[in-house]
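Here is the structure we will look at.
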């Protein structure tokens, strides 16, 4: 019994991220990269701005808040567009040193919704307290190059001292000859082929197997030495999520690679899930979907042993009511058994794409290198909405968050408001109490909405205590005008000066007739006129 209890998984903990700066950059389809114990964000919404032309940011967590700090590229780097829904995995150098770690990025969507068929290698070249510099190189591919796609997976297998890049699954746009104006952005499953790519020369070879009949995307994949396990996925052809569990074994002798595929029992039906590594051979599967409009609230532990995989159900964390009732959720693996995920805010929020975000810790604190934890685990970067309906496997487990309180304030006023707090007695009739408060507005989650009164030095008041309607509160947040609370509105009116009436515009009077310019008279004409008068 003691031995059994010692192997019980740790209980997962859930923590809300209270404040996020520059959160509008992070939208569905983002990726997270771990370098030297730090986590970087890639795949922003829209094209990069001058403030961060690389589109890569350091995730800086402080006091339950999150800031995005720009990273830089070396002068010999190629251009890397902000790709959403790409396939990403790590490629270790031959020395195995952490500083030699590289990330492979393949496919994905650009901000123009164009699909990429390119492969990039990105590595960290320098780092100090103020600046992190990366180097990005495009890898040229030849041979049977995989078509442009997204929602696929990429892994690196090792066999007999060699290693090979493997690409599986994904979605792509319909073939040009089949596209019309009505279905121009329609996507289909890529052919269910397994692509092997030589990391040194970029030579690509595709393999087809009878076990892989239907295409799939937004699945999970695990690699152990020369074996890849594929879990779940969504098939667009018949809109199903079959309980897939495939084992693909790749042997790399001196000649041609030997590739085999077999179907295993005991798979799980899920798409757009997140996988994080919690031990040398242990992984945790969180979230995802059973169907287009049904989230998967259960969690699983995946144990990998030599030529064996075991999937067990695991006790989920205590989901909040907001998480339970939302229709979609999304996120990504941060490494070290931690997942960053979010849920969409209400459609009536002040910011239309605002989201709430959480940190889900699947294990206790660990000193393991996050790059080592991410090395074996690869997952497609969660599903994209495209032109599909809101409940389809689409904007699922990619990342979009924008946590902003509904209070009308700017960054300069933020410190003053933090000191004041939400649970003050804002006015004589204030009845807001932290123990009894219930949200009134659709934009409120765990704090009451507040608004700034401009009387004197100014002070914060609760929107509920001011009897503001939701429409009025939203209007005040959108326009740049001063607000006065109920106790100071009469004083403010007395100080108002009469509105200045602009003078009437007088139209210029038109001249009745214009004087014709006198034409010059020649001497001959003068003599003729003189004779007439004589």
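Yeah, the Cβs are placed from backbone N, Cα and C, and that goes for glycine too.
Per TrEMBL, region 'Disordered' is recorded for 371-393.
Feature annotation from TrEMBL assigns compositional bias 'Polar residues' to 372-383.
Per TrEMBL, compositional bias 'Acidic residues' is recorded for 384-393.
Here TrEMBL flags 421-498 as domain 'Recombination activating protein 2 PHD'.
According to TrEMBL, the Zn(2+) binding site annotation covers 426, 430, 453, 459, 462, 465, 485, 488. Over all protein chains present, the Cβ of residue 462 (Zn(2+) binding site) has 23 other Cβ atoms lying within 10 Å.
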What's the number of neighbouring CB atoms sitting within 10 A of the CB on residue 453 (Zn(2+) binding site)? 22
Given the recorded Zn(2+) site (426, 430, 453, 459, 462, 465, 485, 488), which additional residues of the same chain have their Cβ within 8 Å of the Cβ centre, ordered by sequence? 427, 451, 460, 461, 466, 486, 487
In the chain carrying residue 426 (Zn(2+) binding site), residues 6 or more apart in sequence that have Cβ under 8 angstroms from it: 432, 450, 459, 460, 461, 462, 465, 485
Candidates 430, 465 (binding-site residues); min other-Cβ count within 10 Å returns 430
When each of the binding-site residues 485, 488 is scored by other CB atoms within 10 A, the minimum falls on 488
CB neighbours within 10 A of residue 459 (Zn(2+) binding site), counting all protein chains shown, number 17
Whole-number mean pLDDT, the domain 'Recombination activating protein 2 PHD' (421-498), equals 78
